[in-house]
């Protein structure tokens, strides 16, 4: 989602923190993504045939029975949408609420669309969800191109194809068969049985999981919910993606190498989407760099004009039981500054 600086219309925001949402680029981005998704998802299913590959007679890797999908494609789409909504929306709300509490009003951006204020939680949710969807679309495009170009046979190919050859006699020969006709009743299953490499389920699941993991790592203060909740939730996300990929092997839909490559491609695209498309770590790295350059302050001079320094109140007990309070000024550490600035 693109935005540009505009004239402030709210008394609680400075000139540099009021952003007008450009509706034109937003509509253009949505239209482009919809067209590309249609071109690479719908058209191949309707008009393009995968590469027709032969097989070796004694290849046992394609003789598994047809079992169907434990996680159908429509269920995968529903699961991924639910993960995006739950992860991004819930934690965007938490992060932005934390920012509103800890930051001054002049440090909080105000968003406007055609002269009307737009809630910052909605803007943040749409921005990060859009980057996640964009990464998923990229992974699907790469997967579709590879599937139709390679035409690798699924583990259940012989079961659904039922080729017009003597499979019993063929099993003892290493002959490569290219001239055959499938007698299977389902043309759609026969066509789909040529789209094994690489796993689209594993790719999209891992892409969404990696993006959400990096989003949580970049945006959530480490101590906001304690030290254990964040890594545990990140582990659940990755574990869920792995489970989806493993189900494709147990369903005889993919070879293990198809799933492994799908994991690698999905993780790569998810990483690129989070780090380069959404630039999740750009702000945090800038904060680290600026804070590491802060000089030490002489405690006898008191607090300087630098607003990012903090006072530490030290107390100690005297011999007569009284308490003496002393104030010293220390530079803010990079980690603490990042937590306060998020």
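Backbone N, Cα and C atoms are what each Cβ position is placed from, and that goes for glycine too.
In TrEMBL this protein carries:
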{"type": "DOMAIN", "residues": "129-274", "note": "domain 'Phosphatidic acid phosphatase type 2/haloperoxidase'"}
{"type": "TRANSMEM", "residues": "26-51", "note": "transmembrane segment"}
{"type": "TRANSMEM", "residues": "71-92", "note": "transmembrane segment"}
{"type": "TRANSMEM", "residues": "121-142", "note": "transmembrane segment"}
{"type": "TRANSMEM", "residues": "195-216", "note": "transmembrane segment"}
{"type": "TRANSMEM", "residues": "228-247", "note": "transmembrane segment"}
{"type": "TRANSMEM", "residues": "259-281", "note": "transmembrane segment"}
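Sequence-distant contacts of the transmembrane segment (71-92) (same chain, six or more residues past either end, CB-CB distance under 8 Å): 121, 124-125, 128-129, 132-133, 136, 201, 204-205, 208-209, 212, 215-216, 219-220, 237, 240, 244, 247. Secondary structure of the domain 'Phosphatidic acid phosphatase type 2/haloperoxidase' (129-274) per DSSP, as helix, strand and coil residue counts: 98 helix, 4 strand, 44 coil.
When the stretches 26-51, 121-142, 228-247, 259-281 are ranked by Cβ pairs under 8 Å to the transmembrane segment (195-216), first place goes to 259-281.
Away from its own ends, the transmembrane segment (259-281) comes close to residues 127-128, 131-132, 134-136, 138-139, 142-143, 197-211, 214-215, 218-219, 241-242, 245-246, 248-249 of its chain (Cβ-Cβ under 8 Å, at least six residues beyond either end).
Long-range contacts of the transmembrane segment (121-142) within its own chain (CB-CB distance under 8 A, at least 6 residues past either end) are made by residues 1, 21, 29, 33, 36-37, 40-41, 80, 84-85, 88-89, 92-93, 95-96, 111, 200, 203-204, 207-208, 211-212, 215, 265-266, 269-270, 272-274, 277-278.
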